[in-house]
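Per TrEMBL, the feature domain 'Fibronectin type-III' maps to 1-88, 89-175, 176-261, 262-346, 430-517.
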């Protein structure tokens, strides 16, 4: 076995080890170190000196021995040497309670009589601070904020031998950030908080508090965005810096007032046509309000106010889109509800009402903005006539005649209903049709027409219409007279009422027939002494005629369909009154009077011829009356002879009568017009010759003409 080594020294620099130094033993390949504490021991094999025993207990006295080892075995233990491990290092607990201090604390160390603690900036700047104490805690102040410090501490025993040291790097907590700035984004309801970076801060925490609500954001940079802010709120914003030592004090709170919330309880009223009143409830932090009103034609207006209502001019038939924003220094409130308000449709202002018949009005107008349907209303008192249509025209029928109506055209829309402010127009219907009550004849050519007047103000026009033409009369009362109506004509009589409003429908027609016309020409011709022929021209409208010759001696009458008639039983030499009645088919009669008629004087009787001297003949007769003139006519083959005696004479002499001839002799009364009467008796006489003169006159008889 190798030789026993000799320990030169044994010492402890660490609390868990003892270092042993010895003289080398020739031939030894290794050494066995042993540290014994009572019954426990610790061994270690090393190859040369020095060697260290590890795993020892601090502040403990050990017996140290060394044995050499070779291929031949182990030597005996060397003489022991006592050595004591140094004190254990205090285990530090380090905090930075503030940005300029570090507090160091530790637990008591076995066998320690005191402690030494030193502190120095880890970057070597500045001076080192060192404190000796018998306590188990120590605080360094007036340090630099956010700075990394290296702290070393060890304990020493009663002999002043230091034990293990304990090194700890500790950073002071950061200083509160400075110059905190808040940039608020009103549109996104978020804010960017920025500050000046502070020394030693690793992270930052931003807190925005509003009541119980806290919003945070963490960052390692010098700014942070706080989102999800609520409108109409005031937040108190503070920034805290953090590092591994802890946090700074929060910065002084910075007030952040967000934009106001969108106004609510918005109401829109059309307090009067053409004016929109927009009102709303006030909101927190709303300094003023802006109302935007945009019409559906693209035109937009706005109103700024510090009150809670705004008034706008509006036009009919538009849809307005209305938004209300609240403003403060932070900006504009979020977009709230967009309200739309449709004003009442426009009123048709240019409508025309035209009376197309007595009880019908045609109303037309131009289309107006916003109207989806129209209602035309004609009202008179409590009665009304309605017409609903989507077209721009309407016909109101069954109106009362002679009535003033308020005609109004209302426009309708589904969104707003009816525009009740539309103006009315007055229109009067045509007068009521009159009703003919009676037609009376004033004379042959004048007819009085009576009707029932049922209009307040109207002029009545009566028309008689027939083949003969048209006749009119006009009156504002209830009757008028048609004059100069032609006789023998048939008419249809109707009446209308006329006023500035128009003309009524015609009344029901009443037939009218005028009396037949009296014949213009009437001729009486005496056919015989007792028979007279009467002829006349046609009387318009007459179907039959009754002619009458009347005298004190009697009457002659005939009733005929013809326009001539023979009347017998006429007394000669008598004055007659002549009348004629023209009778129509319906029995209307016109009594016509004419110039009186005188029948011719009676034919003379006892006509005789007497021969006179000098070839003359006297015609003698018996006169029917004394003061009558007679005409004597002799007709023979040798000549015709005539003589007319003076009035009152009953004979007539004709000279130079050729003899030897047969003569027809007629003595007849003379007429005023010189007509020859042919109905008196004719007598035939033969005149013989005696020498060269008239001989005998011989009566030969009567002519057949008699």
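Every residue, even glycine, has its Cβ placed from backbone N, Cα and C.
Bear in mind that TrEMBL entries carry predicted annotations, made automatically and left uncurated.
Secondary structure of the domain 'Fibronectin type-III' (262-346), assigned with DSSP and counted as helix (H, G, I), strand (E, B) and coil, comes to 0 helix, 46 strand, 39 coil. Look at the domain 'Fibronectin type-III' (89-175): DSSP puts its residues at 0 helix, 49 strand, 38 coil. In the domain 'Fibronectin type-III' (1-88), helix, strand and coil residues by DSSP number 0 helix, 49 strand, 39 coil.
Under DSSP, residues within the domain 'Fibronectin type-III' (176-261) fall into helix, strand and coil as 0 helix, 50 strand, 36 coil. Break the domain 'Fibronectin type-III' (430-517) down by DSSP state and the numbers are 0 helix, 51 strand, 37 coil.
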